[in-house]
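If you check TrEMBL, you get these features:
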- 5-122: domain 'Response regulatory' (DOMAIN)
- Asp56: 4-aspartylphosphate (MOD_RES)
- 163-355: domain 'CheB-type methylesterase' (DOMAIN)
- Ser175: active site (ACT_SITE)
- His202: active site (ACT_SITE)
- Asp298: active site (ACT_SITE)
Amino acid sequence: MAKIRVLVVDDSAFMRKVLSDIISTNENIEVVGTARNGKEAIEKIADLKPDVVTLDVEMPVMDGLTALKQIMRKNPVPVLMLSSLTKEGADATIKALQYGAVDFIPKPSSIFKINADDVKNQLIEKILVASKVNLTKHTVTHSKVFTSRKKDIKSVSNLNIKTNNFKKIVAIGTSTGGPRALQAVLPNIPKDIDASFLIVQHMPPGFTKSLADRLNSISEINVKEAEDNEVLLAGHAYIAPGDYHMKLIREGMSYKIKLSKEPPVSGHRPSVDYMIDSIAKLNISNVIGVILTGMGSDGANGLKNLKDNNGFIIAQDEETCVVFGMPKAAIKLGIVDVVAPIDKISEEIIKAMEV
């Protein structure tokens, strides 16, 4: 089997060396070159034709975001962003995912953290996944469906919403490729929809707030990072914060969000299974479960429990997934009611509102 060829792009010689050393520990991957900035990266991609590029965000001469846009236009290749753990870094990461990056890796703040096994394993695993992405299909599909809508109503006080006046709860789970998938779904949901949305996107702390803010700015419904003890409202979407599980509880006539630091479920915190299981246990008959692009199988077991409680299940199709793992696992269980491309998911949610 041919090795996966990686180009490492970072303005720090130290980081280029460390990343190259980590990548080279896997026998199926080789570093074919390095670059100090975005300009060099574009030249080396044309020359070396790597299978995957790791790309730093902050660099002189040409930064990562500018380079990414040119890479996707001139020589599309799967790109993993290295993102600093700051508000600015998180915002830039969400933009990078919108521009076409397959995934990102939080940039460790010290040599000790860089050499930690979890960081090494994450880097290797994400390179292996990125190398299998059909980038042309992924980029074209998402560019077609992305819609930007200016919100007509942003203030909750102007919405005159009462608690629990919604007809349905929509639970969405996603991982790799999720930010772009969500940008294809949520902006196409009408602001007056009689539903409340709960979303788990596998992401580390600090990034989910930027994702929620980005989605909120382009959607008609209100999108926010979930808070503990928050009461569900119609026309709102709540994204689980990084490193926190999110579950739904019933309190009197209201449904509330509870956040917790319980151990990871299905290898993740937040976990899709954890969230959907909590909804299934409430025996609510008016729930729509949606599983989008992502690696692994998180969400499949929870969706089975939801189906057993009369839930309606929608899965993204293989053709438009960055990684078909999570939808495939649910489909294999025979519990999915509708399989649809990403540009039809919002339409299927609206249809399911009448089921």
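Including glycine, each Cβ sits where the backbone N, Cα and C put it.
Keep in mind that what you see is a predicted model, and the values were worked out from it rather than measured.
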Euclidean distance between Cα atoms of Asp298 (active site) and Asp56 (4-aspartylphosphate), Å: 29
Residue counts (helix, strand, coil, in that order) that DSSP gives for the domain 'Response regulatory' (5-122): 56 helix, 26 strand, 36 coil
Greatest C-beta neighbour count within 10 angstroms, which of the recorded positions Asp56, Asp298: Asp298
Distance [Cα-Cα, Å, rounded] between Ser175 (active site) and Asp298 (active site): 9
Spatial separation of His202 (active site) from Asp298 (active site) - C-alpha basis, Å: 10
Averaged pLDDT, computed only over the residues in the domain 'CheB-type methylesterase' (163-355): 95
CB contacts for His202 (active site) [other CB atoms within 10 A, all chains]: 24
